[in-house]
Amino acid sequence: MKLGIITIERDAVVNDLIKSCEKYEVDYKVITPSNIVAGFNLDFKLKYYKSFLDELDCCFVRNLGWDSFFRFDVLKYLNHYIPVINPPDGIDRASNKFLTSVFLELNNLPQPKTVVTESINEAIVWIDKFEEAVLKPIFGCGGEGIVRVKKELPISTKLKILNEFKEKYNTFYIQEFIKPVRNEHRDIRAFVVDDEVVAAMYRIGGENWKNNVSQGGRVEKCEITEEIEKLALKAKNALGLFYAGVDLIESEDGLKVLEVNSTPSWIGLSKVSEVNIADKLLEKIIQYVKS
């Protein structure tokens, strides 16, 4: 099999996948998206130096970089000729928190109470209704830009927070803050590949309430319960993804979906997983391409 790996940098995830490619004797090519050339009414469709991308068996998308509509459109074009993992439409839905909430809602999957608005007045109304809320940028990952706001804050403080947030991100994605069911802040990352939840971990908050490993959180192994398996698979499928990192949070009335990641890292999860995640992912990709 010939696999393209599209990424702006050769990070730990890419290196891990390359090791698996070498183990399984998969012919791979690391592709820098800025050097792809699209052709029309010519003798090629998509070219990378002297290689033709539509002659690959599959392309794996790791990191396109930010704010590149052209690169994303290239994926859509490429997907007409070969499988792209993850599918561009799925990446589009998962990278946009508003669209993620839309598809979770359409598929009747539990998520925290959420409102999305550009109005500062409406934002204040809903922060007060939730009593404690989390503001998130619609686009973003790793916990960056996320702000926790409480009802009891002075109105001047709330306005300052909201004005600064709006200046940066324009749109407010506001979720009720889910109070921890135990004594510590934690959530669950379930790693789903095709029809299988291959591993899961607890991400436990560091010095603050954010559980992201990139924000100082630590990881512990999480047993894959029937509830985790069922919800993670449904969330992945709702967004039209081949594989995903599904973030779940425990609440008094069961698990809720926080986020679905379409280009998730598995490096932190590998520390507590008995499964070699890169191997499992590549095995599933090979099966998919052959089917």
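Glycine residues also receive a Cβ, built from the backbone N, Cα and C atoms like all the rest.
The feature domain 'ATP-grasp' is assigned by Swiss-Prot to 101-286.
Residues or ranges marked as ATP binding site in Swiss-Prot: LYS136, 175-187, ARG203. Residue density at GLU176 (ATP binding site): 19 other Cβ atoms are found within 10 A of its Cβ, drawing on all protein chains shown.
Cβ neighbour count for ASP247 (Mn(2+) 1 binding site) (all protein chains, 10 Å cutoff from its Cβ): 21. If you look up Swiss-Prot, you'll see ASP247, GLU259 marked as Mn(2+) 1 binding site, on the strength of sequence analysis.
For the recorded site, GLU259 (Mn(2+) 1 binding site), the DSSP three-state label reads strand. Sequence-distant contacts of GLU259 (Mn(2+) 1 binding site), defined by Cβ-Cβ distance under 8 angstroms and a gap of at least six in the same chain, are LYS97, THR100, VAL246, ASP247. According to Swiss-Prot, the Mg(2+) 1 binding site annotation covers ASP247, GLU259, on the basis of sequence analysis.
The Mn(2+) 2 binding site feature in Swiss-Prot is assigned to GLU259, ASN261.
What Swiss-Prot lists as Mg(2+) 2 binding site is GLU259, ASN261. There are 20 other Cβ atoms within 10 Å of the Cβ belonging to ASN261 (Mn(2+) 2 binding site).
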Query raised in the report: Reported as an integer number of Å, what is the Cα distance between GLU184 (ATP binding site) and ASN261 (Mn(2+) 2 binding site)?
Result: 23
**Report entry** Conformational class of GLU184 (ATP binding site) under the three-state DSSP mapping
**Finding:** coil
